[in-house]
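Enquirer: The following block contains the structure, expressed as structure tokens.
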Amino acid sequence: MTQFEKWLQRGEEGLATFLVGILTLTIGGQIVFRYFLNSPLSWSEELSQFLLICLCFVAATAVLKRGEHYSIDAFINMLPAHLRRMVEVSAGLVQLALLLGLAYYSFSIAQLYIGTASLILRIPEEIKAYLMAYCFLSMALHIALRVARTLKREA
């Protein structure tokens, strides 16, 4: 793993941890204000939704980098080593194509959202789509590096 990959992974995991913390505080605060102080926060639902969307994509990127996404590898594990590598490279290339396509469309969606904002907090809506595009590109980078390492091992 290169220094850049380590830096990127630490950044993504740190951001995911930060988002979990803010989300926990927001939901916890809403519970306290709603049920104990009888004065619900008008903005907490909107912020929680925004944070959860961001967290899902950032955490997915971090989990992919660690190789901890769920997979069914019973069939692949039965293959000889050279066929296993071929299947891994093929699957990686398909994933790479899908992620690049998703990044492109996320960026296109972000362009459509420019100028719109959430109702209460006025958070620009395009932030979510730009974050999705970044996460898809980051996942694509992780997959491309994994495929390159697999091909290098094979050579």
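Note that Cβ sites are derived from N, Cα and C of the backbone, with glycine treated the same way.
Automatic, uncurated: that is what TrEMBL annotation is.
For 24-152, the entry in TrEMBL reads domain 'Tripartite ATP-independent periplasmic transporters DctQ component'. Annotation comment: TrEMBL describes 15-35, 47-65, 86-107, 127-145 as transmembrane segment.
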Enquirer: Quickly jot the same-chain residues contacting the transmembrane segment (15-35) by Cβ under 8 Å, restricted to those at least six beyond its ends, or write none.
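Expert: Residues packing against the transmembrane segment (15-35) from afar: 41, 44-45, 47-48, 51-52, 54-55, 58-59, 62.
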Enquirer: Honestly, do the transmembrane segment (86-107) and the transmembrane segment (47-65) touch, with at least three Cβ pairs under 8 Å and pairs 6 or more apart in sequence?
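Expert: Counting Cβ pairs under 8 Å, fewer than 3, so no.
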Enquirer: Kindly report the helix/strand/coil residue split of the domain 'Tripartite ATP-independent periplasmic transporters DctQ component' (24-152) according to DSSP, in that order.
Expert: 101 helix, 2 strand, 26 coil
Enquirer: Taking all residues of the domain 'Tripartite ATP-independent periplasmic transporters DctQ component' (24-152) together, what is their mean pLDDT?
Expert: 91
